[in-house]
Structure formats: structure tokens, C-alpha cells
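Per TrEMBL, domain 'SSD' is recorded for 642-807. The annotation transmembrane segment is assigned in TrEMBL to 281-302, 360-381, 676-700, 706-729, 749-776, 782-807, 849-875, 1085-1106, 1113-1134, 1140-1163, 1184-1203, 1215-1235 (among others).
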Amino acid sequence: RHAVCVTPLFSTQVLSEAQHEAGYCSFYEECGRNPLINGSLITPIVPCYDHSRARRLTGNHYKRLKEVCPMLDRGENNTYACCSVQQLQSLETSLTLSKAVLVRCPSCSENFAHLHCINTCSPDQSQVVNVTKVMNVTYLGRTREAVVGYQSYLTASFGEGAFNSCKNVKIPATGGYAIATMCGRYGASLCTAQRWYDFQGDSSNGLAPLDLDFKLIKEGESSEPIPDGVIPYNGKALGCNETTTSGGQACSCQDCVESCPSVPNPPPPDAPFTIQGADGVLVICIIIFCVLMLFFVIYLVVSYCKNGKKKEKGEGKLKDQKSDVTERIIRPEEVTCIDRNSLAAQDFLSLLFRRWGTSVSLFQVLLASAVVVAALAAGLISLELTTDPVELWSAPNSRAREEKNFHDTHFGPFYRTNQLILTAPGRKGHIYDSLLFGPQNFSGIISKELIIELLELQQRIQSISFFSKDLNRTATLADVCYAPLNPINSTLTDCAVNSLPQYFQNNLDNINAKVEMTELGVTKEVDWRDHLIYCLGSPLSFKDITDLGLSCMADYGAPVFPFLAVGGYNNEDYTDAEALIMTFSLNNYARDNPKFKVALQWETEYLKVVQDYQKNPKANFTFAYMAERSLEDEINRTTAEDIPIFMISYAVIFVYIVVALGEYSSCSRILVDSKFLVGLGGILVVGCSVLSSMGFYSWVGIPSSLVILQVVPFLVLAVGADNIFILVLEYQRDVRRPGEKREEQIGRVLGSVAPSMLLCSLSESVCFFLGALSTMPAVRSFALYAALAVLMDFILQMTAFVALLSLDARRQDNNRCELVCCVKVSKERPRKPNEGLLLPLMRKYYAPFLLHTFTRIIVMVVFIFMFCASIFLMLNVKVGLDQELAMPQGSYMLEYFKYLNKYFEVGVPVYFVTKKGYNFSTVAGMNGICSSVGCDQFSMTQKIQYAANYPDRSYVGIPSNSWVDDFVDWLNPASRCCRIYSFGSFLCLTKCMATPPDGVLRPDEAEFKRFLPDFLGNRPDLQSSRFMAYHTPLINSQEYTAALKMSRELAYNITMISERRSARLHPSRVTNVFYEQYLTIVSEGLFNISMCLLPTFVVCCLLLGLDLRSGLLNLLTIIMITVDTVGVMTLWSIDYNAVALINLVTAVGISVEFVSHITRSFALSTKPTHVERAKEATANMGSAVFAGVAMTNLPGILVLAFAKAQLIQIFFFRLNLVITLLGMAHGLIFLPVLLSYFGSCSFSIVPVQQRA
């Protein structure tokens, strides 16, 4: 053994004799290992103290200097240096390890080498360095003075220039800065040039072989005296945007701001449309209102003047002097061909239905109806109910579905997420004075006690086991977990679990570890907090910089990025976080895969464990949680819980129909005149029509959904009840003529009202069939089911219900009690029409009041104002459906969404996927993707980086990593190895490739195909690739939709500038299939509603004998109802989405019921004036519509207010209430007034001809 002797006195004496002059060295050659350093990454070899002249280099010595320090080369035989070949070898080894993280930027790498070459090899070394500490070192039996500490004097311009060239160099794999690993406690954000040099010169950093004190001297000032003869080195530090002396290219934009091309700022968001500083849409709506009112006033004035002149000429004698100016008798010469066609069409339809009603064979019709319904309903045995949200709301041929299928085929489905977000409110934090990182604030939740408790909960979840029938054995997390590094034979430690304990490899001993450590002469204890601070800043490190020597990688071999482990922090103060995040990732199997059920079962057990822990009073956490299955489970649960609400709703409607249809002439005939069986029959007709529709589509293989089960019966009930009321009330109000049989009376009544029923039912059915042109699966299937159900409802009403009504009329004629037909009452049925209570009220009070001159003007003004205001509101309706609304009140998922929006500091990942066709093996192909030196300025990753610079516009929070950059770095000989990750260490091989002269390493096609399999883990068939970035936190559906739109624009822009435009790039995100619909739902909705409105106009015109005016007024009123509905949606915070669109399509159908009956009744009226015809239509048909549609819907809708599901409360209670009230208001208030002004005159010909 050799003794190491340190002699301070001798050291001081020697140092005082040191001279600083040009051409002299301060040290030369290697003296052995520094005995003061232990645990270094490389052997700390120190130089010998030697004040002598610099050596002239020749031969191999010169070649080695030219390789390691080319900036000192002055030509062979003219190059002097103060370093030996052995020193050059040690310097190269040290530079190689440091430059491994700087190699992406050649000028930075050269500046770094320049700095240390000057200290080690400069021919004027004694003028740059000042030796401060020497000691005797005995090595191989020889004792010499070794330098173990010195000062290096640099000008601030050189020192800061070198630092500035390196401060923005990235590490693609982490997304962080290389400088963060070279600045100790300060990281990237607080690193300065001086702190960077201080860390490099600190012998405890594992790389520096001795203590090196860098002095940055600003010109003309110095905080301490400079030794005589010392001249601070003032070489040229290359800018990161400059080429190197060896021909290396300028650094890329990602690593050097100065290299970035001049990219214009994105255009600002479109400014709101304004007119003279006011909301432009509002101004336009006000102008429209004023114009419409002006036209209306002009119309009134012109009509008044015209009518006054006719009075003077004795024309147009008014029946009622108080009637309006538009009350005009139509003369025969004014009757057109269209008027005669209308009369002929009505006569034909009435005759057709009268003959059908008279000839109906009761029992045969009932039997035939039952057989047809049974045959169709039998298809229900093969009913397929779609519950998968993807299948419901995303069309199979939509872009998002195609992109999802491509991603799932080539990369596997997005993994299943099971997550907890934990907080500890009320716990006090503390400030920890770290030896390495200085004072750090630790929040209350970042405590050792809670980390251990979190680890215990994590281990409890990881240990879940259960018997699986699908696997026929006990299953564990390992059977279904996402294991990225060992997907075949996974164990529990291979499962991807992201949590804060993973920074300690889920090892309690690592959390409890402590060690004494000395830093800059200060000795202090370091513990879990120091390790955690380091790992939160450097999550990819295999070894921290503390003497604990622990890895930061998770136990499954991958990094845990801090934003996936903690939440609720500001900037990057991770230790001040308010929440801990724990995520279990499972493989997402196809639904027909047996392991899909195993994953569902594991998630069920996971929820049980979490819910049991939540109930534990000893738990220190307050938290929210979710499983991948939670959304579907909660939707199905609330649907089941709300079924009784729907049943009660239908029961209320049934009771109302039974009571409202009854005739109550005397107490003794209540059981005779009641209509229980008729009401029940009407309900059964509705039910049978729905069952027939569902059965038919089950036969042909079109699946149903919960939306269909909830909405279609409600719609058909509204339509069916209206027709039932119209038919039954018309029969009750009619008196059998002398000698007329019961069948003939029913036929006559049917001939009177059936054309109106046909008009509405056919309009609605065609409306819904056209609505099936929608690309949304849920809307399409709803439209098909509703169309056939409405059509079947009309057919069954014309057959089975007419037969049932005839049977009930026979019973009533025989004075037999309902339900107890053998019992008769003695009191005969009155031989007068039974108008009930509503018809007289509307005829005597409501219609005259509504159609009073001043009332009509007020009504027109109010409804025109409502229409214009609703246009403005309609353009401000929110588009989307937040996930929270799909959850029932009190659901644990609502708390999870609240925590997610509050604590998560990063959004969902988005993958930019290249399809087949992109050639990665060419240099152009690699340059079009990567972001390091030599890459295209507008490469894919660079464009994504540009987008990330504007997160508020692009919604890109963290730019994508590029495996191409990692591959090039892996091949780069600057690190002297192809780097292959091995847990806790590096496995270094020989050089894969030679050093390129310009610093831009690119393998040729043969080398690419040779080395890629090793880099990718033996997966050489590169058909497509994906690059992951992260969105900013997305809160609501509007932001999700905007992020989808912007990511598609970004992908399109990248594709357009790529070398091969055939290689299409697209963004892929797990939520795209849900939010894509909102990109087109406005145009989709306009198309669907237009398709629904078209048949209401066409059918109305055709069935009224080409009565265009009636058709247009009918259409206008339905449009106003629809627009006003959307306007009220804005006021009542009802977002526009696919569910709302289904209800709006339904609104068109229900509006037809409110409008078309009254329009036809007005057109058929034989009263002499518009006002009198409007009164008659309002009283006769309006009363039936009010009783049949409004009062049927309202009780059932009000019951839905008690539903637990927010979707039902908002889109079924609120929206259907709005539709019903607006339909009633327009049908019973606005339409009669509109008809009284602008209605057709066709059927006034009858009384005129009679009088003539």
C-alpha cells in the first residue's frame, strides 16, 4: 500500500512561488487518483503540479489533441499544449459523458469542450488557471505533487456566451432541458452561467476529478483581486446558431431560439362581429324586427284603406261591423283552379275514409291488427341494444372512427384508465432546507406519512385477485394490466402504475433511507425529500445526485412524469402540490375478447376496494376516483333507477286520457259514458306501434338504444293521443242523423277528421324517414324507429282503434257499464251533441278575446319579437355535452370530474400518427420528423413545438417526443456507445457509426434497417408511427372540440409541407370519436331539421289540394317554434348536442300536431270571413289539440322533473317542456291570428255560390 501525504505548509510555499506567464503550464501529466473523492462516475485522475513550458506536439500526440480539442490546433509542429496523451484520453472520457446530453447542439458541445480544453491543454495555461491546492499523492510507488484544486479565470463574455449556447438544449425523451442535469439544485429555471460552472467544478458531482473554481470576470470590474499575471480567457464562444470550426451545423430551433425561422404569430382570434361597437347579430335582429313590424303596419294601413273604399261602393258587406278590415266575402269570380283542386282533394279524402269507417269489420280488423303486430313484435327476441357510446354517436365511416380503427389496429386500443385523485385538506406544510436544493416548500400532502399510506393503498389494489370464469382460474392485475416493457409474461411489477411512491420503486426501505452527505464543505442528512425533489425535476434518471444513489424510474422500468403523480401546483413547484394522483392502466380488449370481461371484473373489485377505503374513518385522504367502466355503469344505473319515473309519467298520461275522454252527462251514467277501455285501447295502440317498429328493425338488424326507448314512446304517445282526442271528441260532438246507423256515423266522423290525422301522421313519418339521412348513428336509428312507429300508429288507429271505438259505441248505445258489460242502466243517453267543457269556453271566451282587433295586433308584435330575439339567442347557444351531465346527481363521477378539472395540470395525450407511406429510412424522411441538429426547420416535431408556444390557441401543452431523435442520439458516437436502457445503469457497446464531420448524424437506409430492430426491441417492420404530445387541461366539451379542430389543422399543415404528402398525418385521441360530432353538428342539425320541415310543407300542400298559402303558413309557424325552442335553450342553459338534436327533430313532429290540424280546419271552414274561420278553427280543433297534445304531454313531462339523471332533467324535462309550451303558444295563439290575417280563402266558395 502507498501512503497519501498532505503537507499544507509545503503547498502554500509552492503556490506562492507560482508564476503566470505566456507559454507556461501550471500542471502536466497525470499523478493518479484523487484520494479526497469517493463514489465518482469516472475515476478521478488528477494532474501533476508542474510549472514548466508548454510542449510542442507531434505525431500521435498532435492527432489526439486535434480530435479532442480541435480549437487549439495550430498545425503540426506549430501546436503547443500543456496536456499529455493520457490527459487527453481522460479529458475525452469526461467530455463524452457530459456531452452526451449536449450533442444535439454542435456549437454548445464545442463550447463545452473549448472551456475544458483551455483549462487542461492551453499552451498559456498558467495565465488562465491559478492552482490553489496541491497534495502529495503516491501512485505505483511514486510520490508526486498533484493538483487537487485550482481557479479558472474566464471573461464573462466567453463564459456567458458558452452558457447561452447550451441553456435551451433539450432532452427529447424527457421534454426537459439538458442544463437541468448540469446545474445541481437550481435546475433549468434558476440556472445561471456562474451556477452552471460551479456545478461543473464541484468534485461531488460525480464527474469532476478535483475542485475547480470558475471565476467569471466582467470587463473593468472584479469582486476580488486577480493574481498577478493571470489574464482571464477571452476566446470566442460560438452562438448556438453558428456552425462550428469542425463544420458542425447550427443547432436546431428546439435547442436554440436564435436558429428559429421567423414564424409569424398566429392570427388573433376572430373579433366579435360588431356594428358601430354593438353586437352585430343583435343589431341585425333589431333591424329585422323593425322591418317586419314596418311591413305589418303597412299591411294594416293598406288593408284598412282598401276596405274603406269598398264600404263606400257597397262592396264587401261585413257580417260583423266590429270585425277586422280583412273580413271579406270571396266572390265566385275570385275562386281559382287551385281552390277547386283543394275542395276536390278534401272531398276525395273524406269519401275514402268515410267508406273505410263504414265498412270496418270489427273482429276481423282487430284480429288482423293483432296478428300483424305480433309478427312484427316477434323480432324483439333478437333485439340488440347499443350501449357503447362510440357506436351511438360516431358514424362507422366518420374520420374519427377510421382514425381510431387505424390506431387500434397498429398500436392497440387506448388503455383503460383507473384513477384516484387524493387530497389532504387542512394539513400544514413545511419548509425543508435541502443540502442540495436549498429551501423547498412541501405542502401538507407531500409528507412521508401520507406517501406511505398511499403506498399501502396502492399495494392493496395491486394485490386484488378473484376467480374468473372466462379464464377458469384466479385472475390478478397482471392478467389485464398495461405492461409496456413486458407485455407477454407480465408480473405485478411490470404493470404500469403511475404514482408518487414509484419514485421510490414502491419500496418502503427507499422511502425511509437516510444518509449523511457533504456538499461544498457542508455536511447534512439527506432523505426521501432530497430524492423526491431531484426525481420530480429529472424523472428519467437512473440515479439521483444524492448519496442515496436511488433511481427515479418506476418499478416497471419507465419514468413517471411529475404531472402524472401530483396535481394542483403552480409553475413547476411540484413539492407544493395540493393533490396526489394514482393511475392504474389496463389493456383495452375488444368486447368479444374473454379478457374484456376479466378487465371489467378487476375494475369492479378495484371500485370495491376504493369505496371501502373511502369509508374507513382512519383514512387521511379525501379523494375522488373512477374506473374505465364507471361512465357506462353510472349511465346504466341511472337509466334503471329512472325507469319508474317514466312509468309514472305514462301512467299519469293514461289517467288523464281516460278521464278527459269520458262523457259526464249525469252521475248515473258515469260508468257507461266513461272511456276507460277506449283510453286503454289508445295507449295499447301506441305501445303496439312502438313494439312493431322495434320488432321490425330488430328483424332487419338495425340496433336500438336507450334514447329510442325513452323518446320514441313519448313522441308516439303525443302524436297518438292527439289523434285519439280529435277522433273521439269529434264523435262525441256529433249527433247521429235520423236513420243513420252507428257504423255510418263513425264513417262520417272519420271522413271528417281522418284527413287531418293523415296530414299530420304522414308529415311526421316522412319527416323522420328523411331525418334518417343523418350520419350520426343515434340520430339515424331514432329517426327510423320514430318514422315507422308514427306510421304504424296511424295505421292501427285507422283499423284497430276505429274498431274499438265502434265496439265501445255499441256498448254505450246499449247503456251497458264499462268493465261490467252485463250491467245496464236505465237512463238513456241524451240525443244531443256533447261538447264538454273546453269547447264552449273556447268558443265563447277564448276565441273572441284572442281574435279581437287589438289582441291580434299585440299577438303579432309579441311573437315577431320572440322570433327575432330567438334568432339572436340561437346564434349564442353552446354546442357540446359535458361528461358531467351524463351522470346522475350524487354520482361519485361528479366529484371525480370536479377534482380532475381542479387539480390536473395537463390535458389528455394526443398522438400524431403517420400512416403507411412515410419512408423513415431516408435522410429526408428522418429530417422531416426530428428536431435536432440538421433537421428541417418545419419538421413534424418542430411544428408541434411552435404550436406549443401558443397553448391558448393550439391547446398543445407539452410538445411531442420523437423516437427518431432518440434513435439518432442512440447511434451517435459522441457518447461512444449505442445506448440501451438497463434498469439502473447503461450497457455500452462499440461505436455504431462514425462521427460525421458536420455533426449531423444520419444512418443510410441499410444502417437504418440494421440498427432499428435493436433500438425498437426487435420490431423492424415500421409501417406507421405515432408521436405523443399533451393537450393543455381541457375543462368542457367546447375546449375538447376546439382542441380536436386545432390538432387536425396542425396535422394538415405538417402533412402539406412534408416531403411526401401521400404520407398523411392525423391526430388520434381517445375522446375524438365523441367530440368530432360537434365540429359538424350545426350543419348536421340544419340539414336534418330542413329535411323534416320539407315534408310538412309538401304534404300539407298536397293533402289540401296544392294550397300553397296554407302550406307556407304551416311551415312558417313550425319554423318559428323550432327557432324559439333553440332560443329558450340558450336562456335555460341547455346545450346543443346530439340529444338536443333528437329532441328538436321530435319538436318538429310535435309542432305538426299543434299546427297542421288547425291549419286544415281553417282551410275547410265555410265561414265568410278570415276572423270567423279562425274563431271556428280555434274553438273546434284548437280545443281538441289543447286536450290531446298539450294536456297529454304536460303532466307526463312534469313528472320527469323528479328524475335523478341530469340528462333526463335537462333534455327531456326542460326541453320537452319548452317544446310543448312553445308549440301550444304558437298553435293556439299565434297561428289563429296569423291565419286571420293571411290565411287562404279557398273554401269560402261554398256559401258564396249558395247565395248566388
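Including glycine, each Cβ sits where the backbone N, Cα and C put it.
Automatic, uncurated: that is what TrEMBL annotation is.
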Seg_contact(the transmembrane segment (281-302), the transmembrane segment (676-700)) with at least 3 CB pairs under 8 angstroms, min sep 6: no
Leading contact stretch, 706-729, 749-776, 782-807, 849-875, 1113-1134 vs the transmembrane segment (1215-1235) - CB distance under 8 Å: 1113-1134
Counting Cβ pairs under 8 Å that are 6 or more apart in sequence, does the total for the transmembrane segment (676-700) and the transmembrane segment (1184-1203) reach three or more? no
Candidate ranges 360-381, 749-776, 782-807, 1113-1134, 1140-1163 - greatest C-beta contact count to the transmembrane segment (1085-1106) (under 8 angstroms): 749-776
Which one of these stretches, 360-381, 1113-1134, 1140-1163, has the most C-beta pairs shorter than 8 Å to the transmembrane segment (782-807)? 360-381
Which sequence-distant residues neighbour the transmembrane segment (1113-1134)? Criterion: at least 6 residues beyond either end, Cβ under 8 Å. 863, 866-867, 869-874, 876-878, 1089, 1093, 1096-1097, 1100, 1140, 1144, 1147-1148, 1151-1152, 1154-1156, 1159, 1210-1211, 1214-1215, 1218-1219, 1222-1223, 1226-1227, 1230-1231, 1234-1235, 1238-1239
